[in-house]
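Engineer: Quick one: the structure is below, and I'll ask about it shortly.
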Amino acid sequence: MTLANVFIQDTIVAIATYLAPSSVAIIRLSGNEAIRLAKSICVKKNHWHSHRIIHTYVQDDQNQLIDEVLVLPMLAPRSYTRQDVVEIHAHGGVVVAQTILQLLINRGARLAKPGEFTLRAFINGRLTLTQAESVLELIHAPSVAMAKKALSNLRGALSTQLHQVRSELIQLLAQIEAHLDFDLDNTFVFNSFINSLTNIINQIQNLLNTPSKFYRYGIQVALLGPANAGKSTLFNALIGEERSIVTPIAGTTTDVVEATLQWQQICFRFFDTAGLKEASSEIETKAMAKAQQIAKQCDLILWIIDATSPNLPIPPYLLNSKPLLVVYNKIDVDSSDVLDHVLDHTSYPTVKVSALYATNLSQLKQLIWQQATQLFQLDGIYINERQSQLLQQAKQHLCNLQSALDEGYPLEIISWHLKNAIQCLDENDVNASTLNAIFSQFCIGK
């Protein structure tokens with residue numbers, strides 16, 4: 001049985017909390033029989049009111065008490081799924097939660113599939129598909145900023161914009177269809193139509209320009225530089241723990257070390273890489289190839305140089321490829337006039353630090369933050385990959401429409417392109433495989 005074909009009138013049940021010893025375990029039901037099934041295992045069976053907590057006990061088939069619980073009934077349509085929903089709040093623990101779950105299954109409830117509660121919320125019109133995806137994105141948010149974006153979309157920020165764009169396209173389609181049906185002289189004034197179309201394309205492009213990957217995956221920062229420049233020491237200083245191995249021997253780091261942390265609500269992913277030098281073994285060759293690969297995929301490069309040898313050039317493949325900060329390390333060893341001369345002739349943002357003694361580390365962090373805020377703005381709307389693909393498809397149909405207008409194609413072709421763009425933005429026109437792909441990512445109980 002696929003999620004898209006679930007018969008939503010039956011009653012489902014699942015443990016909604018992490019199954020482990022804890023303070024509280026929540027067992028959730030949804031469906032027409034949710035209230036009856038919950039009452040069937042509870043001692044107190046009267047005076048159940050929607051959205052009011054009930055203190056009672058759960059008992060088994062032999063009337064043996066299982067646990068003291070709080071029960072919260074939520075009658076349709078004022079619930080997450082717009083069905084009758086009941087949450088049983090028991091003491092945390094594997095045995096108690098599973099016992100209550102099994103009692104409810106024995107009485108006729110079906111064990112929910114991953115994401116089935118949210119799927120029912122979507123099918124019953126409680127959430128749009130974009131909002132349903134936002135629930136998942138909120139659960140898996142890697143940073144405070146991403147959580148805020150997910151919550152904003154859950155409250156309808158993206159759905160509202162998509163609805164607005166789609167409504168404007170429908171208005172354009174209505175103009176075309178009305179002309180085809182009723183205009184006998186077969187003339188159509190395109191100036192206003194073209195202006196509206198251009199405005200809609202710009203709206204879609206603005207959504208596509210949102211750098212959403214930074215919210216979802218964080219800012220990727222690569223530490224690159226020659227061997228023995230102190231990259232690993234600086235890496236450890238930035239993340240606040242001893243993650244990379246540090247020795248006086250050049251070339252100690254032979255593999256990429258990654259660490260993730262949050263600064264000012266943004267997720268940063270730091271990569272410590274092997275020092276760049278003339279390879280003396282196959283391992284070193286592979287390590288430096290990996291470092292160059294990280295350089296290509298990251299968003300910001302820290303080019304780290306030993307302050308005692310400040311004249312080492314930046315490799316050509318790093319020049320003008322992406323934002324780059326030059327970090328002169330080991331100023332505790334040497335901060336000579338030669339370094340000052342080099343700094344005067346460097347076009348990239350620079351900072352002098354001592355990773356060993358954390359000198360100017362706050363200044364380096366501030367520079368990293370400044371570069372990050374130039375990559376994206378915190379007030380943008382988040383769109384995921386599926387939504388981005390649909391927006392790109394809609395835009396392509398509209399661009400094809402523009403070409404058709406320029407080439408004098410009949411209005412029937414214009415109408416066809418408009419209908420295709422409108423369909424791309426229809427949140428209710430989703431096939432079963434897409435629904436399965438989305439909701440199967442949820443945990444059971446959500």
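Cβ coordinates come from backbone N, Cα and C, glycine included.
Keep in mind the model is a prediction, meaning the values are calculated, not measured.
If you look up Swiss-Prot, you'll see ARG28, GLU87, ARG126, LYS446 marked as (6S)-5-formyl-5,6,7,8-tetrahydrofolate binding site. Per Swiss-Prot, GTP binding site is recorded for 228-233, 247-253, 272-275. According to Swiss-Prot, the K(+) binding site annotation covers ASN228, THR247, ILE249, THR252. Here Swiss-Prot flags SER232, THR253 as Mg(2+) binding site. Summarising the annotation, Swiss-Prot assigns domain 'TrmE-type G' to 218-373.
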Engineer: Just how many other Cβ atoms lie inside 10 Å of the Cβ on LYS231 (GTP binding site)?
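Structural biologist: Result for LYS231 (GTP binding site): 31 other Cβ atoms within 10 Å.
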Engineer: List nothing but the largest Cα to Cα distance in Å, as a whole number, among the residues ARG28, GLU87, ARG126, LYS446 that the record says bind (6S)-5-formyl-5,6,7,8-tetrahydrofolate.
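Structural biologist: The widest Cα-Cα gap among those binding residues is 18 Å.
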Engineer: If you count other Cβ atoms within 10 Å of each one's Cβ, which of the binding-site residues ARG28, ARG126, LYS446 has the most?
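Structural biologist: Neighbour-count leader: ARG28.
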Engineer: Looking at the binding-site residues ASN228, LYS231, SER232, ALA274, which has the shortest Cα distance to ARG28 ((6S)-5-formyl-5,6,7,8-tetrahydrofolate binding site)?
Structural biologist: SER232
Engineer: Name the one residue among ASN228, SER232, ALA274 whose Cα is closest in three-dimensional space to that of GLU87 ((6S)-5-formyl-5,6,7,8-tetrahydrofolate binding site); these are the binding-site residues.
Structural biologist: SER232
Engineer: Of ASN228, SER232, which of the binding-site residues has the most Cβ neighbours inside 10 Å?
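Structural biologist: That would be SER232, with the highest Cβ count within 10 Å.
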Engineer: Counting Cβ neighbours within 10 Å across all chains shown, tell me which of the binding-site residues GLU87, ALA274 comes out on top.
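Structural biologist: Selected residue: ALA274.
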Engineer: Which binding-site residues from the set ARG126, ALA274, LYS446 come within 10 angstroms of SER232 (Mg(2+) binding site), judged by C-alpha positions?
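Structural biologist: The binding-site residues passing the 10 Å Cα test are ALA274.
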Engineer: Along the domain 'TrmE-type G' (218-373), what average pLDDT does this model show?
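Structural biologist: Here the predicted model's pLDDT, averaged over the domain 'TrmE-type G' (218-373), is 81.
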Engineer: Pop the Cα-Cα gap between LYS446 ((6S)-5-formyl-5,6,7,8-tetrahydrofolate binding site) and ALA274 (GTP binding site) into the table, whole Å please.
Structural biologist: 43
